[in-house]
Amino acid sequence: THQRINTLLKVWPNAEPARSRPYETLPYCKYHHKKAKDPSQFQHSLVGDRLKNSEYEIKFEHHSVTSACDEVKLGADEVNQFIKAISEDTRGEFFVDGLPLQFYVGYTYSKEYFLLSHIHFNLVRNGAYLIGGNITYGEPTTLVKNEPVTVKYYYTVNWSEDKSVEPFNRANYHARLQGNGPGLVEQAHWLNIINSFLLVVLFLAGFAFILMRTVRNDFTRYMKLDEMLLEESENDELDDSGWKQVHGDVFRPPKHIMLFSAFVGTGVQMIIVFSGIIVSVLLGLLHPGVDNRGSVYVAAITLYTLAAGFAGYVSCRLYTQLYKVSNNHQPIQWSKCAILTSGLFALPFLCTFAVINSVAIAYSATSALPFLTIFYVILLFFCVIFPVTIIGGGLGNHHAGNPDFPCKVTHVPRALPVEVPWYHQAPCHMAVAGFLPFTAIYIELHTIFHAIWGHQVYTLFGILALAFLMLLIVVSFMTILLIYCYLSTESYNWWWRSLFTGGSSGLFIYAYAVFFYMYRAQMKGLLQGTMYFGYMLMLSYAFSLMLGAVGYLASGKFIRFIYRSIKSD
C-alpha cells in the first residue's frame, strides 16, 4: 500500500526542546506542507506536536532511493541558518504511522559543518503492521559560512521484518531501536529500587517498634495513674505529663478551617490523579509511549475532572464537621469552601501556564498551545470541573453529620508550652519528614527527570508503582511519628502541622529539580528555563498537596486511635 509520511515538521535545539519550531523554518525542500488529518489533535497539541504532510513518501515493503525534491540552491543567508542550527545540535522528528523518528540536521567535525541531506528510513514490520524504525544517514553536504551551495535531498527506505514483536508492544521495541528503551538498565534499576525499598522497610519497622512500645508504655502509665486516682492515693513520683494532658484541646478545630479543608480536599484529588494514572498503565487501560505521546496529559486532565467531585465532598464534609465543633454561630458557608477547593490548584496552574505560553508565543515555538486547545481546557473547567466540585461539596455538607472525636473539646483553650525544644519545632519536623521520603524515591525521580527532559522514553511503570507506594507509606509513618512527638510536648495545634509535615517532600522535589537543571541536564535558554521551572513548580505543588493530605489522614487516624484507647473522656 502507498502511504505518505505524516511529519511533525518540528525541529529544536538539543539543549532547548521547548524552543521547537516548524520544520519549514529551515531551508529544506520548498514543499507546501498541508495540515494532516489528526484524530488525536488535542492530545498531540498538549505536547507541542503539529502533524502536517511532508515531501517524503513511502511504499509499504518497497525499498527505494528517492529524491525528496529538485536541487536546492542555498544562498549565503540560508547556509548560515543551517550552520547555526547545526551548531545548536538541532534535531527534528518525523511521524510514520504514529511512530516518531528523530533525526539530526547535521554535525560538526574539525570545525567544519556537514548537512545531513541523505536520510535512510530503516523500518521494521510484522506482517502488515509497522512496529519500529530509526533513521541513519548517507553522504553529507559540506557547508561553509557565507558561501552558497547546491544541495540534493535524498531519502532511502529500507524494510525488514521481525515476527517476534507483537504490534501492541511496538512502543518498547521502537524505543530500543531509537537507543533509549529498556534492557539491562531496567534489571539494574529494579535491583536499586528493591534495595531502597528493603532499606526503607527495615528502617520503618525499627521506628514502628519503638513508637508502638512508647505508646504502650504511655497507656500503662496512664492506666496506673487512673487507678491511683480512684484509690485517692498520692504519689509525687508518678509522671502524668504527655499527650493525654491535651485531650480536651487536641480536637479543637484549627484556624482558617475553610482553607485547611480545601487543602485536604485538593490533596485527595491529587491522590486520585496520580494513583489513577499508575493503575491505568498497570491494567493496560493507558498506553503511554513513543506512539501515544500526550496520553498521560489527557489522562491527568480526565482524572482531575472526575476527581473534582471527591475533592468537593471531602473538603466540605471536613469543613462542616470542624465548623460545628468551633462553636461559631455563623451560617455554614460550604459553597465558598467548594469554590476555594476548585481553584486551589487550578488557578495557580493556569497563571503559571499563561506565563509559559506567552513566552512560547513570543518565540513562535510549537510548544505554545493553540487558542482552540486553551479554550477547550477553560471550557472544561467552568462547565464541568467547577460544577462537579460544587455538587460534591453539597453532598459532603449533607452527609457531614457530627465528627467522631473520642474526646470533648473544652470551652477554654489550654495554654501552649512557652518553650519547645528546637527538634520539636516545625522547620526541623518538616526537614526530617521531607528528606526521608525523598531519599526513598530519589532513584526513580532521577530516572523520570531524565525521561521527561532528556529526549528519552519512560517505560518502567512497575517500578514507578512500587516507588509511589513506598512514598505514601513513608510519608504516612513519618507524619504519625512526628505528630506523636509534637503532642508529647503537650502542644495540640497539630492540624496544619500534619499538612505541612506530610507535604514537605514537595519542597525537596523542587530543590532536586533546581539541582538537576544546574548540574545534570543540558538545558538552557529563557523559554526552556521558564517551562522547566514553571511546570516543575506546579508538579511539586501537586505532590505537596497530595502528601499533605496523606499526612493529615494518617495522623488523624492515629490520634483518634490513641485517644479512643485511653478513654480520656
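A Cβ is built for glycine as well, from the same backbone N, Cα and C atoms used for every other residue.
Here TrEMBL flags 190-212 (among others) as transmembrane segment.
The transmembrane segment annotation in TrEMBL covers 257-283 (among others). Within the same chain, residues 296, 299-300, 303-304, 306-308, 310-316, 318-319, 322-323, 326, 333, 336-337, 340-341, 344-345, 461-462, 464-465, 468, 495-496, 499, 503, 542-543, 545-550, 552-553 sit at least 6 positions outside the transmembrane segment (257-283) and bring their C-beta atoms closer than 8 Å to a C-beta of that stretch.
The annotation transmembrane segment is assigned in TrEMBL to 295-316 (among others). Sequence-distant neighbours of the transmembrane segment (295-316) (same chain, 6+ residues past either end, Cβ-Cβ under 8 Å): 42-43, 46-47, 261-262, 264-266, 268-269, 272-273, 276-277, 280, 286-288, 334, 337-338, 340-342, 377, 380, 384-386, 388-397, 400.
Positions annotated as transmembrane segment by TrEMBL: 337-363 (among others). Tertiary proximity for the transmembrane segment (337-363) is limited to same-chain residues at least six positions away from its ends with a CB under 8 Å from its CB atoms, namely 18-19, 21, 258-259, 261-263, 265-266, 269-270, 308, 311-312, 315-316, 319, 369, 374, 378, 381, 385-386, 389-390, 392-394, 526-527, 530-531, 534-535, 537-538, 541-542, 545.
TrEMBL lists 369-391 (among others) with the feature transmembrane segment. Note on the transmembrane segment (369-391): residues 42, 45-46, 301, 304-305, 308-309, 311-312, 335, 338-339, 341-342, 346, 350, 357 of its chain, located 6 or more positions outside it, place their CB under 8 angstroms from a CB of the stretch.
Long-range contacts of the transmembrane segment (431-453) within the same chain, counting only residues at least 6 positions beyond its ends with a Cβ under 8 Å from a Cβ of the stretch, are 17, 189, 192-193, 196-197, 200, 203, 460, 463-464, 467-468, 470-471, 474-475, 478-479, 482, 501-502, 504-509, 512-513, 516, 520-521, 523, 532, 547, 551. Annotation comment: TrEMBL describes 431-453 (among others) as transmembrane segment.
Summarising the annotation, TrEMBL assigns transmembrane segment to 459-487 (among others).
Sequence annotations record features per position, and here TrEMBL assigns transmembrane segment to 499-519 (among others).
Marked as transmembrane segment by TrEMBL: 531-554 (among others).
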Interface present between the transmembrane segment (190-212) and the transmembrane segment (531-554) (three or more C-beta pairs under 8 A): no
Cβ under 8 Å to the transmembrane segment (190-212), counting only same-chain residues 6 or more beyond its ends: which ones? 436, 439-440, 442-444, 463, 466-467, 470, 473-474, 477, 480-481, 484
